[in-house]
Structures are given as C-alpha cells and as structure tokens.
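Asks: So TrEMBL has the following annotated:
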type	residues	note
COMPBIAS	332-358	compositional bias 'Basic and acidic residues'
DOMAIN	7-721	domain 'Major facilitator superfamily (MFS) profile'
REGION	327-370	region 'Disordered'
TRANSMEM	36-60	transmembrane segment
TRANSMEM	72-90	transmembrane segment
TRANSMEM	96-119	transmembrane segment
TRANSMEM	131-155	transmembrane segment
TRANSMEM	161-183	transmembrane segment
TRANSMEM	565-588	transmembrane segment
TRANSMEM	600-620	transmembrane segment
TRANSMEM	626-646	transmembrane segment
TRANSMEM	666-686	transmembrane segment
TRANSMEM	692-715	transmembrane segment
Amino acid sequence: MRGAVLVAIAASIGNFLQGWDNATIAAAIVYIKADLVLASTVEGLIVAMSLIGATVITTCSGAISDWIGRRPMLILSSLLYFISGLVMLWSPNVYVLLLARLLDGFGIGLAVTLVPIYISETAPSEIRGLLNTLPQFLGSGGMFLSYCMIFGMSLESNPSWKVMLGVLSIPSVLYFLLTVFFLPESPRWLVSKGKMIEAKKVLQQLRGREDVSGEMALLVEGLGLGGETSIEEYIIGPADELGDEHELQDDKDRIKLYGPEQGLSWVARPVKGGQSSLSLVSRQGSLSNQGMPLMDPMVTLFGSVHEKLPETGSMRSMLFPNFGSMFSMADPHPKPEEEKWDEESQREGEGEAYRSDGGEGDSDDNLHSPLISRQTTSLEKEMEAPLPPASHGSILSMRRHSSLMQGGDAGAMGIGGGWQLAWKWSEREGEDGKKEGGFKRIYLHEEGFPGSRHGSVVSIPGGPEAAADEDYVQAAALVSQPALYSKELMDQRAVGPAMVHPSQTASKGPIWAALLEPGVKHALFVGIGIQILQQFSGINGVLYYTPQILEEAGVEVLLSSLGLGTNSASFLISAFTTLLMLPCIGMGMKLMDTLGRRTLLLTTIPILIFTLVILVLFELVTISSVVNAVICTICVVVYFCCFVTAYGPIPNILCSEIFPTRVRGLCIAICALVYWICDIIVTYTLPVMLTSIGLAGIFGIYAVVCVISWIFVFLKVPETKGMPLEVITEFFSVGARQMSSRKLV
C-alpha cells in the first residue's frame, strides 16, 4: 500500500498550505493593521476574504471535478496558492492584498473540497480512514510551523508582514510539482469516463501489483445509481467438485457465481429465511432498533456487518481468493482480435469490436470478463444447459481447496472489508415463451466462520456426518442489477451478457437529477447535518477564548518576564497549542480504522460536552483567579485534543465516503459549501454573542449543540470503516428504501 500512502501524503500538502495560511494571517494581521492603518471593518475583511473565496469556489468545484477530473483541480489549487503568495509578497496597498487573499481562498476551497475525495478514491478501504486523517494532521503541522516562523520573525525589530504572507509560495511550488509529476488521476473518475486502460495502470501503481481485475470490476459497478437491491443469504462452495454421484434434490436451489478474477467459478445455494445479521436486520430490525423508532435502519444495517466480522480475516477477505472469472468458462484464452474495452472503441460504432487505445501490450485481458460483450458468447450455452449433478457434499466441501481459506495472490483477496464482488445469471420466460436473461451483481460478505453453521438453516447433502467434517462459507449478499446492463437490450429480450461501455453510461442523464435518488438524498442529509453540527460545536469559540484564559493563567506574564514581547509570547503560546494537536490527531489516525468513525464520535463528543459545561460553571463561579485559570486551561487543552482526534477530521472523511462515484464531487461540494457558510456565521456572530450573552452563554449553546451532535451520530451516522465505497453507497440506497417503507407502514 506504499503507493497509496505516498499519493495521500502528496495530496494532503494542499491542507498543509491551508493550515500555514490560517496561522500566518492570524499573526500577520497585527502588523498589517499597524502598517496600513486599517479600520476594524477592513481588518476583518482581510481575514474573511479567504473564507469568501473558499465559499465561492466551492459552489462549482465539485461539478467541475466530476467533469474534468480531480487531478486538474488539485493542480489549479497549487497554482492559486503560488500566485496568491507572490501577490501578497508584492501587495502595495490594501486592495491588492484583498485580491491576493481572495485568490488564496480559491486555492483553500479547492484543497479542502477535493483532497478528501481524491484520497478516498485512491486509498484501499482497509486504511482509508487513516489516510483521510492526513489532511487534518498536515494542516495542524502547517499551523505549528507557521507559528514557529512568525515567532522567530517577531523577535526582529521590524518584522515584515509581506514576507510572512509571501513565504506561502515556497511550499506551494512543491505542491505544484507533486500534483503535476507525481499524483495520478483518480482511478474511479477514470473508470467513470471509460478510460479503462489508464485506470488499470493507475490502480497497479497504487496497489503495487499486476492483478487488479477485481477492483477494476468494482469501480465499474460503482457507476450504478439507484436500482432495487435485495438482501439474500447463500451457502457457497467450489464448483469444480461437482460430480455425478449424488445429485441434489432440486437443481433450482443451486446457482453459479462468477467473480472478477480468472480462475474457478463457484456454486451457491440460497438460504430461505436465513439468519444472517444482514437478513435479520433487513426483515425486522435489530433489537436495539425495535425500542428506538427514530433509529435509522441504515445505521443498524451497517452495524450488523461490523458486529459479525470474522475473527480470522481482519480487514481483508480471505474467503474468496480465486472466486472465478465470469467469462473464463467461455473462453479462458482470448484471441488477439477478441473484443477489448476502451473509450476509443466508441468511435468504431456499436457493431464493431472494442479495441484498446494502448496497443496490443496494453490490452485489458482482465476486463473482458463480466462487462462489455454485446455479442452472444459460449457462456450463454453454458447458462442454458443444466448444471451438472453434485458429488457427495460437493457444494459445501472445501477441505481439498485450501486456497479458499489461505488466500493467494494479493489481488484476489476480495474488494476490502471482508467483501467480495460476484455476479450470477438469472433467467425468466418472456411473453412469447422465449427465455430472457441477464446478470445480477452481488456484494458478498462472510457471515459466521468456516466450518461453522452459524445461522444456517440449509440442509447439507450427506447429512450431519458430512456437515461435521466439511467446511463451507456462509455469506450475506446485496443483490442488484449491474451498473452497465443495457435496459434497451433487456427490452429487446437479448440473451447473454449485454453490457454497455461506461463512458456511454456515464453521459446519460443530467447529474442534478441523481441528487433525487433516495440513497443520495439520505447521504446528503447525513453529510450536511454532521458538517453543520461540527461547526456549531464550539471549536471557533474555544480558539477565540484560548489566549484570554492563558493570559489569566499567567502564562503570558511568565513569558514576558523571560524577555519576550506581548506579540511574541502570544505566537509562542499558539505554536504550543497547535503542537498539542499533532499527537492527538496521530492517535485518531491509528484508531480511525480500528475503533471506527462512529465509535470515536460517540466516545469523544461526551468529553467535549463535559469540558464545555465546566467552562460555563467556572465562568459563572469564581473560586480564585488562579484556580479558575488552571481549570479552564485544562478544559481547553482536553477539548482541543478530543476535537482534533475525532470530530475535526471525521465529517470530511464521512462525506468523502458516502456518495456514489458519479455525483461524489457535486455532493461533497454541497457539504463543503454548507461548511464554509457555517464557518462564516460562527466566526462573525461570535463577537456579537460575546457582548450579548457572554462567554458562559456561548459555551452553554455549544454544549447543547454537542448534545444534539451525539444524538444525531447515534441515530443517523453509520460505521463505514473498512468498507468499499461502492458497498457503502449500496447500503445507503437500501437504508433509504427501508426508511421509506417504514414511513408508509
């Protein structure tokens, strides 16, 4: 995973520059005000201009990134940082400075919006939370280094605010070079535009292996939006053990499953009335949900997966290492002239073969499986033929297939979080008596342990003796129509794998209409809600209050006695405060993919509430100035540490995970726009609230908001750790439909 980690670090430099700029302008405004003799209104406008710029650029950044890609927008962000730094270094008057701050805000808005998207789309699901906490870590690191620089410059007799602000151009050059020469385009965006060869090469670089066929197929399926999804349960075994000795009672009980990797296909038996956690939650809800009508069904669906994670597999699925290629049964050795898949093939017309634009050496052999062929292949004949009879206990036996449990090539270990992508063929008779068929996409997740019968009600061929010494896999399944199945071909009753090219599918339908999909609306509600509550939970107020309580605690007096001026002492205190954040964010990075996002929020928000309540009490009651200052200082430090561990980074992480690929940029831009608007409201109402209700009233409001935040997280925010992005969006779709059906009842 080294490639994905390095890419995430490089992309997060945009947030490093944001943190650097925030700290620099907070310190430099002291010298700007004295040099340019500014009124308080203009002073506030200089600080606010970057917020205004970030808000304005966010309104269009998401839609543009969905159109032209994530990487070009990150390159533009680095250029804006660089240009704004040069203009601030030159600034002959306040008007030029305001223009430079506006350009700087554009760069900040692009980085804050797009870096989480980019990291989520390139990171493996196992460490996605850790990597998406890097922007918070590097942002705080940028603030610390900036305060250290400002402190050093403040010791001079005549510090230059132009140099303070202009230094931003130096690290922005590094950011520009990395975005141009190192960062690849997001593979998910490339797939959405039909650039399959390029997407495959990027994935191979990011994952450090050649076989990425499974993840490529997953990215293609992620283009789907809406559709009906059913939750089923299967008992799964290897298909090649089917023999002629003991035929199963009913062939209809058996289905073949085909995976994205070349290899064996598998046989599954549906479990009617299954007892898997997903099936139970889908039918009747969890026990906790029955007593809480406000609990979102989606939360219990996600929770049922994490409660049943197998003990033997950690984050990677070890159950399906070679699940089989869907088309390997049809033609395991494709000919050079066989149909290939790339966007250039659209120019050749529907009836011609799909060919690669990368030459023969770049042909996508692993992508000829379940996705594109409009022509009938020999697979149709295989599907129409009856399945061969089974040998004694065949569909459950795994003892002779140790690779099933031990895994093999890293590229064949599922799609992350214990999930595996597969397809099945389904048929029905049309009005004219002819068979109609198509593939169904299946996301499989292990339920129970190998060799166990956890929740299984299936009868095992061979009786109890066979069951006692045979291993098998029990899996819950999310079953829906593939993303690229052509509805037009279905209407024509085409038999066979009738799939269309992703670039053709991606261009269909206005993107704004996708926001009306139930799953997307549900995700937007969660994303917007948590962004609003985070901004009103008190971080800006506590930051504003910190210098005051540290002064009351005598820290500034102590530093002044060491020969430091008032400004220098203030900068040193700010540097120390941001330094405290770094180990706490590091701890959050470590826990993000183990404890999970939801658990971290539910654990840390009560601590935020407690510290805010203590601050209110000691604002109202004075024991002694020293005691009050010490206790308030401790509360502020604890608040900072807990906030940056969880509530600081998690809203952006969640927003980058819960939206479908085709509208991810647009939806995150909406959430980011809400974030910036709330940031402006909180920042500029704080002085008014101070004069009207005082600090005690402000911290009381923040404590109430934190209580509401905890309730919102408990009822509405699911646990997404370790899950592929495509599975997360599928769960949101299922949860939204369940909520709608519950309202109808």
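Glycine too: its Cβ is placed from the backbone N, Cα and C atoms.
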Asks: Under a criterion of three or more Cβ pairs within a distance under 8 Å and sequence separation of at least 6, are the transmembrane segment (161-183) and the transmembrane segment (565-588) in contact?
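Replies: No, since the transmembrane segment (161-183) and the transmembrane segment (565-588) share fewer than 3 Cβ pairs closer than 8 Å, they do not count as touching.
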Asks: So which of 72-90, 96-119, 565-588, 600-620, 626-646 is most in touch with the transmembrane segment (36-60), counting Cβ pairs under 8 Å?
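Replies: Selected stretch: 96-119, with the most Cβ pairs under 8 Å.
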Asks: Relative to the transmembrane segment (666-686), which of 72-90, 96-119, 131-155, 565-588, 626-646 accounts for the most Cβ pairs at distances under 8 Å?
Replies: 96-119
Asks: Between 96-119, 131-155, 626-646, who has the most Cβ pairs under 8 Å to the transmembrane segment (565-588)?
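Replies: Counting Cβ pairs under 8 Å, the winner is 131-155.
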